[in-house]
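Please read the structure below before turning to the comments.
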Amino acid sequence: MEDPKITPELIAAHGLSPDEYQRILEIIGRDPSFTELGIFSAMWNEHCSYKSSKKWLRTLPTEGPQVICGPGENAGVVDIGDNQAVIFKMESHNHPSYIEPYQGAATGVGGILRDVFTMGARPIAAMNALSFGEKSHRKTRQLVHGVVEGVGGYGNCFGVPTVGGEVRFDKAYNGNCLVNAFAAGLADADKIFYSAASGVGLPVVYLGAKTGRDGVGGATMASAEFDDTIEEKRPTVQVGDPFTEKRLMEACMELMQTGAVVSIQDMGAAGLTCSAVEMGDKGKLGIRLDLEKVPCREQAMTAYEMMLSESQERMLMVLNPELEAVAKAVFDKWDLDFAIVGETIAEDRFLIVLNGEVKADLPLSDLASSAPEYDRPWIETPVAFPLKNAPEVDPIDGLKALIGSVNHCSKAWVYEQYDTQVMADTVRTPGLGAGVIRVHGTDKLLAFTSDVTPRYVKANPVEGGKQAVAEAYRNLTAVGARGLATTDNMNFGNPEKPEIMGQFVGAIKGIGAAVIALDMPIVSGNVSLYNETDGQGILPTPTIGAVGLIAHADDLIAGVAQDGDHLVILGETRGHLGQSALLAELEGRAEGDAPKVDLEAERKHGDFLLANRKLVRAANDLSDGGLALAAFEMAESAGVGVTIASDETAFLFGEDQARYVIATSPENAQSLLKAANEAGVPAELAGKFGGTLVDFGGKSAPLDALSDLFRNTFKTAFDA
Amino acid sequence: MKAAVIVFPGSNCDRDMAVALENAGAEVTMVWHKDAELPAGVDVVGVPGGFSYGDYLRCGAIAANSPVTNALKAHAARGGYVFGVCNGFQVLTEARLLPGALLRNAHLKYICRTVPLTVATTDSAYTSAYEKGATINIPIAHHDGNFTADAETVAMLEGEDRVAFRYGANPNGSTGDIAGILSANRRVLGMMPHPERAAEASQGNTDGKGFFAGLVSAIIPA
């Protein structure tokens, strides 16, 4: 088959601007071949090159004594003591999931799991943060069913417990859902595998599933806005096979034990191209690939297709040649492909040969590091007007508006479709705050959470960015965990619009300040831009995935409130209702400023809670929905009523930060209040647990009835 | 007591099952699916949860025809103990070591939650540590756990006291709320719920511990 001629239309169809094409001409000094054009477009699209975001990502704090490896590798590596490390990352699969929800979500999970086990870590926990359009939108129901089944279908079969996540609905996601998949793995701290190749003349080995035409051009698609031709993009979505991924993971774990691996890299976005270039560039080597040796699923695949295929469950490795037979035996055992497809070379070249014909011959280091980088114009988000006409509501009506909404009802319909306990180390399943697992065979526990409040970020990107980190920190603290580190999944609209870029810059500033103050550096992340349909951007959604350590199982806070327990609020309540859940769900208003985040108070209150964990039976972070929702959730999970003396809307539904609600025995409550007073931490006794009613200042409803509403809302909305 | 746990390429609860058996005092060997023989002197073989061969075709259908399953059938024919959990139960029905079949859940969704089970009989090694009629809370996690059999088979299972566990609140549409059954000689058991996920205090639930404790103490020669 003749390669197409390079025309301006073809260049544009590859997502390359005329300026970017000029740059290619300067680098190689001639017109590129069709395959070369494809390779450049794969390396230089937003998804792979971070060309709009890099300038700002560099400002994020990524270091700390706990950090073994920060951003730049497949996932971040963090020390958890005893020569053990937790390796984690969060990544989006937004565009594919909107086009083909089951496979889009499934391969999102598959991709993030590979990022983790490529580094030598066995995956031990997963989370998923999902954002959908409004309940009534024609696509939402199909997306909810498809995405949730896809996440479950892949993770359940692979065998990783899904221990947390988020599910939200807002009309801003009507044309562009978000699927942010998180995975964490466990490895010995001195046995981490990196992607940098080393040594000349070493075999480059292709591992895993065969290459097909699926996903060709996927990364370019993921970097474009959507319009009504979207259905035509379905063939660019990859198809996942979790059974192959499971075998690939087990085979890699065995292979890594043999000493045969010099370096290893999973084939994710832009498949063979990105993985080979990355290994060569990091090792300052060239790579030659002989494509006729690539195991193919389909006949007559061209060099262009093989280089851009995003077929799943594949890895590329540089092999220690002395151990070739040992390595091959491992892959034979697991019935997976193992093919030497090329070698490392001394010259700085990315040489692609098919049946003796050179299809691409590019300077490798330029290909990797000369991707354009933009300092996109941005404007600061205008200061939000303070909220006027704050709502006044009967507190039970207010609570019902929240727990009867798809945003704040129980998400059991979702997480019960995920295996939350495979590996038999799950200590705390999803539902309320952070998920917790045991570090297998030790007394240590790890806690996981994922948080962001997009309404806040839109109103005030800096405070919203801080809040996402602060809420993650509080969720970890509330189970007794010390926050270790974070991963950021930045989902935004079109960065070529200065106001969108301003949201991005503001959020980065807020996140940066918060991770310093709370000592949870960013160790990995992902940026997803152009989340727009027909010019309508999503809510800015910088999802923060966070991991915390509980050094000993005895330090876990995992109780449930008991009849007679007192309810203590830690932190100061001022009654901030701007951008609150109550305002949104009751009146459909997204008005006012986001709550201010006092990072010093966050740290102080978190430290206080950890220091006094023995006085705490159960704790819950206070975030959207305020005290009313948090207290209800605690009561509901415990099956006991709750009474709060106040019926004031602002007190019950305000979303002031740096607060926790605590259930503890009357004696411990007194000790806790005394300790708080001595430590200068605001704390107040606001009510108690017990009985069968939810009673806010004398206005009450039976817990059972509220519980039914809470538990059935999601099902009624999407299953009926 | 010597136990073996079978490892299919898509098994993902094999380690969990081995840990629970070891904690109960068993000596455990993992057996690869391509092996045609079980280790010598094995008393009990566990078939773990997971997705044996990806669960393509039908859950457990390919596994039922793998080399190790022939060895498993021979072990059962000799009167050996065999138990399958979740995918393991599916494999045992596909291999015809147990009657009936596991269909897709009645509401068609995968479901993972902790459910109440009634111990329907104590007349087996697996259930000997429990009291008859006791309620235990055990996690389930499956897409195809809807037990079905013809009326005659169900009547036989009931008549011969071969229902081991019953769901308190039927989560998947299983006939007669059946969660686990026994073979005619009461030595082969299949169940959808996962006792290995509820066998240690640090898992927050120890209701499944008796399953392994009962098994080990019943088999160890007095």
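Cβ from N, Cα, C; glycine included.
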One of A:Gln238, A:Gln417, A:Gln421, A:Gln657 listed by TrEMBL as binding substrate at the site of A:Ser92, A:His93, A:Asn94, A:His95, A:Arg114, A:Glu310, A:Ser311, A:Gln312, A:Ser528: A:Gln238
Candidate sharing the ATP site with A:Tyr50, A:Asp488, A:Gly525 (per TrEMBL), from A:Lys89, A:Lys444, A:Lys458: A:Lys89
Model confidence over the domain 'PurM-like N-terminal' (A:434-550) (mean pLDDT, whole number): 97
Extent of the substrate binding site in Å [max Cα distance among A:Ser92, A:His93, A:Asn94, A:His95, A:Arg114, A:Gln238, A:Glu310, A:Ser311, A:Gln312, A:Ser528]: 21
Structural state census, the domain 'Phosphoribosylformylglycinamidine synthase linker' (A:14-51) (DSSP three-state): 26 helix, 0 strand, 12 coil
Cβ-centroid neighbours of ATP site A:Tyr50, A:Lys89, A:Asp488, A:Gly525, 8 Å, sequence order: A:Leu57, A:Pro71, A:Met90, A:Glu91, A:Thr487, A:Asn489, A:Met490, A:Ile522, A:Ser524, A:Asn526, A:Val527
Long-range environment of the domain 'Phosphoribosylformylglycinamidine synthase linker' (A:14-51) - Cβ separation under 8 angstroms, sequence gap at least 6: 3-4, 6, 8, 57, 219-220, 222-224, 269-270, 273-274, 277, 302-304, 307-308, 350, 352, 359-363, 366-368, 370-374, 495, 527-530
Counts of helix, strand and coil residues, the domain 'PurM-like N-terminal' (A:72-186), according to DSSP: 45 helix, 42 strand, 28 coil
Stretch with greatest number of CB pairs under 8 Å, the domain 'PurM-like N-terminal' (A:434-550) reference, A:72-186, A:200-350, A:562-689 candidates: A:72-186
Listed recorded positions A:His93, A:Asn94, A:Asp115, A:Glu310, A:Gln312, filtered to Cα within 10 Å of A:Asp488 (ATP binding site): none
Residue from A:Asp115, A:Gly525, A:Asn526 whose C-alpha is spatially nearest that of A:Asn94 (substrate binding site), among the binding-site residues: A:Asn526
Surrounding CB atoms that lie within 10 Å of the CB of A:Tyr50 (ATP binding site), all protein chains: 20
